[in-house]
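Taken verbatim from Swiss-Prot:
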type	residues	note
BINDING	38-45, 649-656	ATP binding site
DOMAIN	319-597	domain 'ABC transporter 1'
DOMAIN	617-944	domain 'ABC transporter 2'
ZN_FING	748-774	zinc finger
Amino acid sequence: METLRIMSGKIVIKGAREHNLQNVDLELPRDKFIVITGISGSGKSSLAFDTIYAEGQRRYVESLSAYARQFLGQMKKPEMDYIEGLSPAISIDQKTTRVNPRSTVGTITEIYDYLRLLFARIGKPHCYLCGREIEQQTSTQIVDRIMDDGEGERIIILAPVVRDRKGEHQRVFERLREQGFVRVRVDGEIHDLEDEFDLDRNRKHSIDVVVDRLVVRRDTEFRKRLADSVETALQLGEGTVRVPSTMTPGEERIYSEHFACPGTAGINFEEISPRMFSFNSPHGACPECNGLGSKLEIDPDLVVPYPERSINEGAIVPWSKSGKRDNYYHQMLRAVAEHYGFSLDTPFRDLDEEHRRAILYGTDEKIQFVFQRKNRTYRVNRRFEGVIPRMERIYMETKSNYMRTYIGRFMSNHACPVCGGSRLRPESLSVTINGRSIHDVVEMSIREAHEFFDSLKLTEREEYIAREVLKEIRERLRFLIDVGLDYLTLSRSSGTLSGGEAQRIRLATQIGSGLVGVLYILDEPSIGLHQRDNRRLIETLKRLRDLGNTLIVVEHDEETILSADHVVDIGPGAGEHGGCVVAEGTPEEIMEDPDSLTGAYLSGRETIPLPEVRRRPSGRYLTVRGAAENNLREIDVRIPLGLFTCVTGVSGSGKSTLVNDILYRGVYERLNHKHMNAGRHTDIEGLQHIDKVVMIDQSPIGRTPRSNPATYTGVFTHIRELFAQTPEARKRGYRPGRFSFNVKGGRCEACGGDGIIKIEMHFLADVYVPCEVCRGRRYNEETLEIRYRGRNIAEVLDMTVEEALEFFENIPQVRRKLQTLYDVGLGYIKLGQPATTLSGGEAQRVKLAKELSRRSTGSTLYILDEPTTGLHFDDIKKLLNVLGRLVDAGNTAVVIEHNLDVIKSADHIIDLGPEGGERGGLVVAEGTPEEVAASGTHTGRFLREVLADERSQKVPVGQDTG
């Protein structure tokens with residue numbers, strides 16, 4: 001039956017009921033580009049990821065053995081009747097790659113693996129000391145070099161036969177015995193071959209055969225014996241000889257028939273292999289930083305974040321946490337001050353350099369310390385260790401996780417002083433192709449790397465050797481360019497990628513794999529992508545389809561929807577009001593369907609209108625001076641206060657660096673006097689006009705099911721107080737804490753207030769069942785007996801915001817908070833809905849609602865990074881209304897955005913560019929949308945088209961916001 005479905009070209013879904021899906025029946029065409037759209041919370045992800053992908057993945061995992069299944073994340077069977085016609089499913093979602101410091105763009109895409117192979121095969125090694133190209137050594141040259149040693153020195157001639165390979169290697173020992181050898185060196189220790197060897201087969205071992213043991217002499221007889229031994233060692237060691245010195249333990253020279261420096265430096269290389277260029281292998285990794293490229297060290301700027309303070313005012317933060325002036329550390333500093341003759345009341349930055357250095361790094365001079373404790377005085381003469389060395393010592397020696405975490409707050413990553421951040425050994429960095437090392441190549445932008453390999457000049461022999469490797473490298477670089485990531489470098493750490501960038505990298509990797517007959521499910525691949533690059537992304541998706549794959553894309557981007565072969569519109573509302581297929585068919589059929597809200601926006605029946613009037617600058621500005629982090633080119637940026645400002649620009653132009661790394665962190669540091677490691681800039685002016693800065697992003701409002709909209713917005717506190725004031729609760733002496741499921745007393749102790757019990761199934765998916773004691777209600781029976789207007793606390797948490805708004809209409813402090821949730825379009829979510837089940841867009845709107853419910857000071861700076869992620873046209877209209885309310889109250893909103901509906905609605909635009917990466921980092925246009933549209937920038941060009949479609953005349957500029 002399944003085979004027939006696949007041959008008939010359809011994926012058939014019957015009775016899908018996962019989450020809010022309402023018994024959905026659907027037939028999707030195979031080998032097509034399908035878009036699933038609908039408003040936030042309508043059930044798109046429930047259909048695409050939690051039903052179609054989950055079932056495809058579950059069936060694959062079930063085909064494996066029970067032993068293998070226990071090591072894989074088994075997915076639970078979705079709520080549905082059946083699905084037919086599924087192919088193997090691959091999900092490419094918005095989740096960022098794992099924050100592994102060893103993971104880079106190059107390793108994720110496997111381009112770095114091909115680069116390692118390329119450099120190993122055609123790279124030219126150089127001496128990293130003198131710079132000369134490495135030459136091969138003959139056995140005669142090796143003998144000459146050994147003869148140069150001092151007469152009388154004892155040496156051993158070793159031939160490496162096993163290098164870092166797992167196994168017991170018994171056959172190696174037998175072969176050496178048969179050849180008449182007497183001794184071997186195993187893992188650095190000399191043994192007789194007659195010994196019994198019991199090596200751990202799961203560990204890597206190195207074995208060298210002892211060919212000869214000699215005392216260096218200058219005569220002919222010695223030279224002949226040495227030459228014979230070297231020839232034998234070269235034969236056994238496949239061209240490599242090791243000569244450890246018995247007079248200097250640990251010193252060992254390596255001679256090779258393959259690579260050795262012809263100059264006086266005498267540098268010798270082992271055979272050049274791909275692992276020599278891997279920073280994850282001891283053969284390639286820098287020994288100082290172990291291939292990380294950076295070292296975690298105590299940062300003086302974090303130890304003394306506010307040098308304008310004196311030591312008595314707490315300048316040395318880690319030694320001031322108690323706030324007491326008579327503590328142990330303060331007594332030490334007082335002794336240092338008395339010894340050197342400076343005052344603890346002098347601002348730290350005004351102290352002499354010698355005194356600052358003595359405080360931070362210690363002194364060689366002995367100082368008399370006087371310690372007072374429990375009315376006793378102790379005197380001791382000793383050297384002062386210094387704040388930073390003491391912290392480093394405690395960090396290394398302590399077994400306390402708390403102490404390591406605390407000291408970790410004062411540490412930051414610095415480029416490794418040995419490799420300079422390249423991660424590799426000097427030998428690896430000295431191998432070049434066309435004058436470029438592998439580090440030089442990965443530091444290029446992807447576009448520059450593509451141009452480098454396209455124009456590579458090789459000999460005929462090198463071209464023949466590298467043909468297939470170069471083909472793979474060029475293709476994969478081209479795929480990354482096609483998905484709009486040409487500005488990234490191959491060395492970029494995966495942990496610094498946005499969700500959209502990480503997803504498009506995985507997309508490019510999948511295209512490179514060339515798989516056919518696969519079901520790909522993508523989550524908004526257009527996020528983070530400028531309109532200029534959107535067309536290339538769509539062409540890439542079509543190429544993946546044309547290979548013979550089915551693409552299901554959850555998307556809201558208009559151009560992507562219109563480019564699809566088939567569109568499914570889920571709705572009509574969100575939550576309980578959604579979960580149905582409102583319309584499906586070609587984009588044209590969707591546009592003509594009167595029931596489709598998406599179709600109404602696509603056809604122009606519904607629009608996000610331009611604002612009637614734009615707010616005018618009040619003359620007050622927040623000015624960032626000398627922004628120079630990442631690719632920003634020491635720019636000054638003026639942000640008008642009291643306005644809705646959009647920061648735009650092509651991908652990689654520097655928007656996130658400017659707004660998140662510099663503006664948000666810089667303002668937060670200054671307003672809250674807490675170090676946030678802000679990006680490089682000179683100053684931020686105009687802070688006297690704002691009292692706080694708030695970042696409203698799409699991160700979850702909580703990491704556990706205990707967190708929910710009611711607890712996050714604070715409305716649950718008022719609700720618990722209401723229950724505590726009921727006559728029955730007062731009679732029993734119940735306080736508000738009784739109605740919390742986070743503390744003992746009122747919660748069900750069988751499930752700890754979770755309402756569910758987790759049952760581990762090992763090789764099957766974990767099963768979550770309702771608690772048998774409280775039946776999923778979280779509270780014990782005594783607590784549930786307390787009722788407010790006929791409802792107990794569990795029933796109130798099960799209400800939607802819409803229902804609760806009506807229920808609490810006479811309680812102002814509850815109604816006000818619920819009203820803001822309703823106003824941002826979240827009337828359908830339940831008060832007690834676990835935070836883990838909220839989408840990114842829903843979480844962001846809960847945060848917006850919380851801000852709206854606060855009593856406005858009119859002086860808050862709100863920062864949002866791509867708030868339209870996961871939002872439908874209709875959701876964006878609601879978002880703009882909410883942002884308008886915040887700004888109308890006198891606050892300032894700064895939004896990073898690519899969505900043209902948001903950009904056209906802004907009061908002010910700051911456009912960065914002109915391109916991404918090194919070709920970006922400048923302010924290329926600023927002003928009203930009309931003024932930016934008149935510029936020649938990429939954003940201006942697309943904005944001009946949108947404004948021309950909407951209305952021909954300019955939007956009038958309104959009154960001053962101040």
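Any Cβ shown, glycine's included, is placed from N, Cα and C.
These numbers come from a predicted model, not from an experiment.
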Please work out the mean pLDDT for the residues of the zinc finger (748-774). 78
Tell me the coarse DSSP state (helix, strand, coil) of K44 (ATP binding site). helix
With Cβ-Cβ distance below 8 Å and at least 6 positions apart along the chain, what are the contacts of K44 (ATP binding site)? List them in sequence order. I36, T37, G38, V554, I570
Binding-site residues compared (S40, S42, S651, S653) - the one with the fewest other Cβ atoms within 10 Å: S651
Any same-chain residues 6+ apart from G649 (ATP binding site) with CB under 8 Å of its CB? Would you list them in sequence order, or say none? H530, K655, D911, L912, G913, G920, V924, H938, T939
Counting across all protein chains present, how many other Cβ atoms fall within 10 Å of the Cβ of G38 (ATP binding site)? 30
Under a three-state reading of DSSP, tell me whether K655 (ATP binding site) is helix, strand or coil. helix
